[in-house]
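Feature annotations, reproduced from TrEMBL:
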ACT_SITE  434  active site, proton donor/acceptor
COMPBIAS  37-47  compositional bias 'Polar residues'
COMPBIAS  69-80  compositional bias 'Basic and acidic residues'
COMPBIAS  85-103  compositional bias 'Polar residues'
COMPBIAS  104-124  compositional bias 'Basic and acidic residues'
COMPBIAS  203-217  compositional bias 'Basic and acidic residues'
DOMAIN    258-533  domain 'MYST-type HAT'
REGION    1-47  region 'Disordered'
REGION    65-129  region 'Disordered'
REGION    196-217  region 'Disordered'
């Protein structure tokens with residue numbers, strides 16, 4: 001619905017250009033200018049009424065003539081639809097100003113008087129809740145060197161997307177308006193072929209089509225014969241065959257599987273990210289090649305135009321919930337899945353694009369989400385997150401953990417893991433991540449456990465090391481400690497006892513890396529945590 005008003009917007013654009021042309025004429029011919037002023041005022045008012053009518057039409061409500069007072073009032077009372085869990089961007093509140101910036105003082109006075117008269121007529125009516133955001137004239141085509149003039153179809157004066165850009169298609173605006181001789185000849189041939197198509201289905205044909213639909217429902221393609229010309233039907237069959245062939249090639253190469261989506265990239269903030277795995281987005285979004293996601297509220301959209309409109313009015317600059325940690329530019333927010341259900345569902349869908357074993361998407365109410373962000377002058381940007389059950393019988397301190405691809409290999413993964421164990425220490429519990437771990441997750445956790453154990457042994461001054469004491473001090477599960485010691489070849493069985501060997505070479509190697517790393521800001525400071533365990537956990 002957020003992108004459904006493009007047609008009305010283009011009409012408004014052309015109206016604005018006509019008015020700007022009228023208002024930019026010289027002041028030499030004053031009577032003519034006054035007539036243009038009155039016409040411009042009427043055009044401005046009628047364009048706004050048409051815009052509202054068009055928006056309601058494309059939003060699923062039939063448009064009516066703008067001079068019907070009762071229907072106007074009905075539109076005035078209508079409200080935009082509530083937020084849905086599909087993640088669509090809600091409608092914005094803006095209006096179209098098509099007044100010319102070069103208008104004279106006389107024209108401004110006439111327009112102000114017309115607006116005051118209009119306000120008097122509408123003073124008894126309730127305020128209209130505007131339900132759509134229109135194009136503004138600052139928008140430009142993203143193609144380098146393009147001035148946004150012309151359109152590929154030749155029917156519009158301006159364009160704002162690559163799909164309608166003549167320059168992108170190696171054409172000029174004039175070439176799009178004036179078809180070549182080859183194009184004209186082809187158009188004439190197609191028109192001649194289409195003359196022979198049937199005007200409509202006969203009674204027997206309609207009964208045949210209805211019987212086919214009732215028998216097979218949506219399991220079969222509808223009968224297409226006698227609906228259009230043989231020429232158009234043949235083109236459609238060729239397009240079907242070509243699309244099927246391309247999909248079969250992708251399936252053979254292993255790039256897609258049956259039932260998987262086609263999302264290959266997402267536009268997230270200033271990054272374009274390649275996806276790794278399937279995520280169960282709604283079908284209308286899943287079949288798109290690219291998804292556009294707001295990096296603050298995580299709503300997902302179909303096009304860059306809708307995302308641009310959404311970002312212009314999105315008031316979110318950080319995740320919802322409570323900020324429980326802040327040091328420098330790094331913050332962690334605690335988000336309750338029950339209180340912020342839509343945000344957490346969108347976060348899970350986004351995470352599934354980069355996680356193989358994740359199965360939680362919509363049942364987010366039993367979980368708490370700890371979202372790490374990095375702040376700058378534009379807002380708090382998503383770095384990663386982990387989720388944990390509010391009541392875990394097995395003392396799992398992490399159910400799912402993810403570092404966004406653009407922040408990987410920078411130490412943020414260890415920060416998230418360290419923060420999860422810091423919460424376990426505050427709760428006075430021993431924690432462990434929920435299994436199975438992803439490949440990258442397993443690597444990150446083994447690296448973290450290794451670092452924790454080597455740091456503990458470096459600072460340890462006693463003679464006998466107890467795994468239980470290590471677990472109580474570090475909040476790491478004894479099972480994870482034993483597996484890490486075995487991988488480091490520091491656990492030996494001798495004379496009926498398990499002995500922990502203090503390998504000085506590994507400790508010296510770890511210490512050298514610590515010194516080389518210096519005072520890195522990629523560490524968690526326990527003194528910066530402002531958090532108490534939630535009740536009932």
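Cβ from N, Cα, C; glycine included.
Computed from a predicted structure; not experimentally measured.
Long-range contacts of the compositional bias 'Basic and acidic residues' (203-217) within the same chain, counting only residues at least 6 positions beyond its ends with a Cβ under 8 Å from a Cβ of the stretch, are 223, 226.
Every protein chain considered, the tally of other Cβ atoms within 10 Å of the Cβ of the residue listed as 'active site, proton donor/acceptor' stands at 17. Taken through DSSP, the compositional bias 'Basic and acidic residues' (203-217) splits into 15 helix, 0 strand, 0 coil. Model confidence over the domain 'MYST-type HAT' (258-533) stands at 89, taken as the mean pLDDT rounded to a whole number.
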